[in-house]
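Peer 1: I am attaching a structure below and will ask some questions about it afterwards.
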Amino acid sequence: MITGTMLAKDSTAKQIDVNDTLDTYEIFGSQKFVPRKIENPEAKVGDKMRRGQKREFFPLLAITLCLCIANVDAGTTLQPPVKLKWHHYRQDTTCKYAEEFVRHQVELFWKEDRSLTAKLLRLLYSDCFVTGCDASILLDGPDSEKTAPQNRGLGGFVAIDKIKEVLEERCPGVVSCADILNLATRDAVHLAGGPAYPVFTGRRDGVISKAAMVDLPSPSISGGEALGYFKSRGLDVVDLGTLLGAHSMGRTHCRYILDRLYNFNNTGRPDPSMNKAFADQMRKQCPQRTKKGQSDPLVFLNPESSSKYTFTKSFYNRVLSHQSVLGVDQQLLFSNDTLQITEEFAGGFEYLRRSFALSMSRMGNIDVLTGNAGEIRQNCRYINNGKPQ
């Protein structure tokens, strides 16, 4: 997802029975999980623990995950402060079926275009990592975030617009664009074979969107730089290793990998960490120079998923076999922590699904606006009183 991836209002954690979610969410895949008991879930928020034991995913939702990764520090639940609530619309608003309306529209769009999952994942990342999850990426304007070079090629806007239109017809002024983006991404991920995780809601929409504020990094950065960027947003090494798994589907332009293919670190040679046969294959798709009038070619981030746009662990198998398309993905091999995470996910798809559920929710919790901050936009492309500030 590098550009080229409950709590009540008083912030007291509420334990929720897993069975309560089965009508809506397939959190655990095909396996039956027995949740660990938490005597004081509130005390767990923001805690860290060693991975040689169990990483607790959503103690608030009684989700647990046993990873055989030793000595990897990681957050075990949503990072504080947690201002959002599970089933906010059902319990606290007049739009009780907001999530069902979103899910239905996502299903309609996804049946016509399976690339929607990859588009929404990138769109959500581009939103949350800049000014927080406030839907500022959706705002139009000559100098808005979507005009920044890093955001070239973003998609999914039409689907979000349609969902907002439907919700405004049924319950005007209630559901934020920021929540729509998070909910729609969750539903699209599930349709692609990923986890159907609970999304905490209650976000409000931002009113500021400026291209100069976009600091999304290059896909050629080092693993250390990528981790530093994630940490600056309150995320950790497991979030990094997990969320890069969004690259199991989608496409990127050749310009983002030409350095790996032809001139790695100004050596005049390809990236030595890249499998030679795979590098030869990629050079056929990405010539060093395009012909006059030829557009920058697109290549699949995961050739095994390709046009099927399925969420699988094959991304991590390809990392281990030195066949990553983006340089930042291949960097997962070059630290002990990320290597262990990669090996764990390559060996167990259910581990990846559960980790992805938590990391997506942690990303969706970055700098959210709640209460009287921001607004509930009537149209996701414009703030209510006119142009973006």
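Even glycines carry a Cβ here, placed using N, Cα and C.
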Peer 1: State the disulphide partner of Cys380 as given in TrEMBL, choosing from Cys133, Cys171, Cys177.
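Peer 2: As annotated by TrEMBL, the paired cysteine is Cys177.
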Peer 1: Let me make sure I read this right: TrEMBL says Cys286 forms a disulphide bond with another cysteine. Which one, out of Cys171, Cys254?
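Peer 2: Disulfide mapping in TrEMBL sends Cys286 to Cys254.
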Peer 1: Report the member of Cys95, Val130, Cys254 (the recorded positions) whose C-beta atom has the most other C-beta atoms within 10 angstroms.
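Peer 2: Of the recorded positions Cys95, Val130, Cys254, the most buried by Cβ count within 10 Å is Val130.
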Peer 1: How many Å lie between the Cα of His247 (heme b binding site) and the Cα of Val130 (Ca(2+) binding site)?
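Peer 2: Distance between the two Cα atoms comes out at 19 Å.
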Peer 1: Round to a whole number and give the Cα-to-Cα distance in Å for the pair Val130 (Ca(2+) binding site) and Pro217 (substrate binding site).
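Peer 2: On Cα coordinates alone, these residues lie 11 Å apart.
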Peer 1: For Cys380 (disulfide bond), which residues of its chain lie six or more apart in sequence with Cβ-Cβ distance below 8 Å?
Peer 2: Ala135, Leu138, Leu139, Ile160, Asp161, Lys164, Cys177, Ile180, Asp205
Peer 1: Rank the binding-site residues Gly132, Pro217 by the number of other Cβ atoms within 10 Å of each Cβ, and give the residue at the low end.
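Peer 2: The binding-site residues Gly132, Pro217 were compared, and Pro217 has the fewest Cβ atoms within 10 Å.
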